[in-house]
Structure formats: C-alpha cells, structure tokens
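Q: Below are the features I grabbed from TrEMBL:
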TRANSMEM  A:29-47  transmembrane segment
DOMAIN    A:89-304  domain 'ABC transmembrane type-1'
TRANSMEM  A:93-114  transmembrane segment
TRANSMEM  A:126-149  transmembrane segment
TRANSMEM  A:190-209  transmembrane segment
TRANSMEM  A:230-251  transmembrane segment
TRANSMEM  A:288-308  transmembrane segment
C-alpha cells in the first residue's frame, strides 16, 4: 500500500520539476535582462558585506584579506572603550531624535494644510516652490547657509545687527550646530516629503467629508477623524523606513558642516569612519565602527517593523 | 440651527485665510535664500557691500560670472558634471529598466529571492570602507566611472519602476508575444513607450543624484582635474579663501568674493533648475512614488 502512493508522488514531483525547468527556459531572455543588475548588486553591495570581515582582522592592504592577521573583537573593544565613543553615540542619537521628533511631523502637517486648499493654482504654486530645495545638493544648501550666516557680511547677521540683537557666529558656535542641521534638513526635504502623503490623501472618498460636515464636524475634526486615519498606514511605513535610516543621518550633510570648533556635537559615526578610515588609514578599526552602526540600524528597523505589526499595521515586509 | 451653520462657515473661512497665509509664507521663505543668492550674483560689488537686504540688484552686473569663467577651472568642472550626469543617467536607466522589467514578470522563477536580495541592501550594507576597497580593487579609483558604476542601480528607483511595470495591463504583452516579439522587443517597443512618465521621473531622480554627487568624488577621485562642480563649489565657498585652489591664477583684479561665491552657487545649481519645469508635471502623479513598498 505504501509503495502504491509513493510512486505517484515521485512522478508528480518529477513532473513539477520539469515544468519549473520549462518555465525557466521560456524566460531565459528575462534572466539575461536582470543578469547585469544582479552582478551589480553582488559586486558593489554584497562583496562589501563580505569585506566587513576585515573588522576582525589587522587588515593590511598589501597582504589582502586572506593574508591579514585575525584579531577577533579587538577593534570593537577599542571602539567601546574609546573616550570618543559616547560622544559620537550621543551626537548620533541627538540628530536622530531631531529627525524623528522635529523633522518627521512637518511634511505631514504641510500635506494636511495643502489638502485644505481649494484653489488648485495656489496649491500647485506652493508645491512648486517647496519642492525646489530637494533638487539642490547638500553642498549648495550648506553653501547658501554659509554665505547667509557668515559674520563677514552675511545677510542674517546684518539683519540681527540692524535690529540691535548683535551678530552671532552660527557657523563656529557649538550651540548652533544642531538647530542649523535640522533647519537645513527641513528646508531641503520637508516640501518634497509631502508628495507621498498628498498621494495617500487623494485616495480619501470625498463623501466622507460631506458626511462629516453634515454632522457638524469643523475643519480640524474632519482632518483628525478622516484625513489622518486615511494616511496612517503611509505614516507608519515611512516612520519605519526613517527609523531604519537611524544612523544614515547624511554623511555628506554633516561632513560639510563639521569643523574643528563644533566637532564635540557634530561628529557622528559616518564622519568618524571617514576620518579614521580614509584619512588616517585605519581600515580595520573604521570598518568595525561602520559595522556596529549598520547592525544597530538593522536591529532598529526589524524592531520597528515588528512593533508596527504588533499594532496590526502593515509594516514594510 | 441656522445660527450654528453660519458659525461653522465663519470658522471655516478664518481657517482658510490663516491656512493660505501660512502656506504662502512657507513658499516664500523656502525660495527667498535662492533669490538672495541669484540677486547678489548679478549685483555690483559696491551694492552688495552697501545693501543690507539684497534681493534684486538695482544695477545689473555680470562681472562675477566673467571672473569665474576667466580661467577654465570652473568650466572644466561643469563639463565633468555634465558628462557624469548624462552618461550616468543613461547607464543607470538602462540597467534599472532591464532589471525592473525582468522582476516585474510574475512568472519568473526565483523572483522572490532576487527581490529580497535587492531590498535587503536598503536595510544593511557593507559601509564606507569595504565599499571603498571594492571600488579600488575593481580599478575605478581616479576614473569618472567611480562616480557611476558603484551606484548603477538605486534600489528605490528600481522598485518604483518595477511597480509601475507591474501595473501595466497584462494583455499588451500577450498580444505582442503572439505576434512573435521576444522579451527584448516587448520591453523596448511596447513597455517603454507607454511608460514614459515613469521613465522620465526616474531619469530625473538619477540625473539629480549624478549632478549633485559630492561624497563619491571626494572618496574616489584625488585628481583635481576630474572633480565635478560640487567639489569645486565647496572649495570656493567654504574651504578656500581664494578660487585658485589648484595653483591656477586669475589674471583679472579679483572682485569681492561675495558675488563670486554667489555666482558659483548659481552655475552649480542652474542646470538642474532648468530641467525641473519640464518634468514637474510628472510629480503631480505622485501616486508613482506611493509604491515604495517592496
């Protein structure tokens, strides 16, 4: 009896396998299409992941990965016991907090405001203006800030002086680094960030607003009870992605703002990796720093996703 | 009852007025710094020195522009940026489109694994130093290819394109197949022509990224002759007090630096701003961006 059922199962498996094979063969041109893409990801994304191994080595470029000496967790130990670790950790955390608590709500608020505008010409005009900074490089954003904030005839300091407040050295003063950082982030990205929320809002059924008006709900209540629930899922997905970017605070941006007088508040993991690795040639140590950062980011995004699912939201995967 | 209704509409009107004012202010504040920069770049040195709050110059002058183009330093950097932007965008679009179309085919065996492999690179990567070593070992250091090949496909852009292809009506491909077209024929003769809005948008995203490239240039290029304009802008505005960072001398008597800095900012921004209005209509189709989910 056993053998009589086993044979058809085997046959079935064989048949299915040849069917899969036929499907692969039929799509051979498709595989050819995605081949360059896969090769790209393997070489420039996955090979560097293999390269993380050097954080456990005393890597010397002329010896290569195979020839370098294994030192275990030495570099990680050095990182965690370094006097600078907590400074960098704190700076990274503060900028992350500013991104989540100060920047993140702003595009949502602007979207809600834009959604209330009924003149489409006015709406499009505002949108056009606030999208523009997104297309500027960080170099341009920082350069414009620089020429406006410099003590040496910068427009902002001239105005402060004119109103008798006195000039402020924004560029070199430690206390002004964080406000400057987050204001630049808002300036560049808040407008562009509205696109995705506005897209989600357009999916709302207008009859809902109609019904709410009948019930006497004012504009704020309509926003609160109709618009915001409609975009809640998008908000959560973007928040998760933002948290996943926890440590991607923009190497370029911070590096451009960093100088010797604000280093105590401006040095973050990325800039530290750059200086230690490429300027001082400590490849293994700086890779260990980057590795630590990457792992924390991965854990954060998995955690945020788990949290979202726990609260019955969709999550990102 | 009637009273109540009126009060709501009054409140509603007040809401509208405040909302419009706030949004207009927001748009204005966003754009004022750019106007200040453009205005100052066309002002005379005397006016910049004497005017506290300059937006539009009373006396028009192109001296700053004459000055920055009096040697070929900036011109060369602009040429590099144009080459990298055009070449890079074509390169990236070719491979992104091929990959996106291939992965949009639901009958592809192994599709899920490959998708996961690509999405995972958004969550975790090897970081700066290991990537640098790979770029070095693939022989790209000090070549303009270093600004292009390591960023061939942006996973986000690829995913947006893929979702767009997946939402195309399936009947199109079937009928083309019956007519004997192969997969490449279907992609280039049918799918791409009807996907132009998506192709244009993603091309713009790539072009902006390439035009704005700075980090990769300072990481991978040590030869100053190959620097794109962003690196030079940084040198001129923030780091250097003089424009002759690489030993080149400007023969003219230098005008005040402010107008030169402003003019440099303008020329390193203008090309992207010129493209923006042409592609802006596609952003309205924001739904395209609503599909970032993997």
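For all residues, glycine too, the Cβ spot is worked out from N, Cα and C.
Are these features on the surface or tucked inside, and what are their neighbours?
A: Outside the transmembrane segment (A:126-149), and at least 6 residues removed from its termini, the chain residues within Cβ reach (under 8 Å) are 110, 114, 117, 155-157, 170-171, 180, 184, 187-192, 194-195, 250, 252-253, 256-257.
Within the same chain, residues 103, 106-108, 110-111, 114-115, 127, 129-134, 222, 226-227, 230-231, 233-235, 238 sit at least 6 positions outside the transmembrane segment (A:190-209) and bring their C-beta atoms closer than 8 Å to a C-beta of that stretch.
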Q: Cβ under 8 Å, sequence separation of at least 6 from the ends of the transmembrane segment (A:93-114): give me the contacting residues as numbers and ranges.
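A: Distal contacts: 123, 126-127, 130, 178, 181-182, 185-186, 189-194, 197-198, 201, 223, 227-228, 231, 235, 238-239, 242-243, 246-247, 249, 254, 265, 268.
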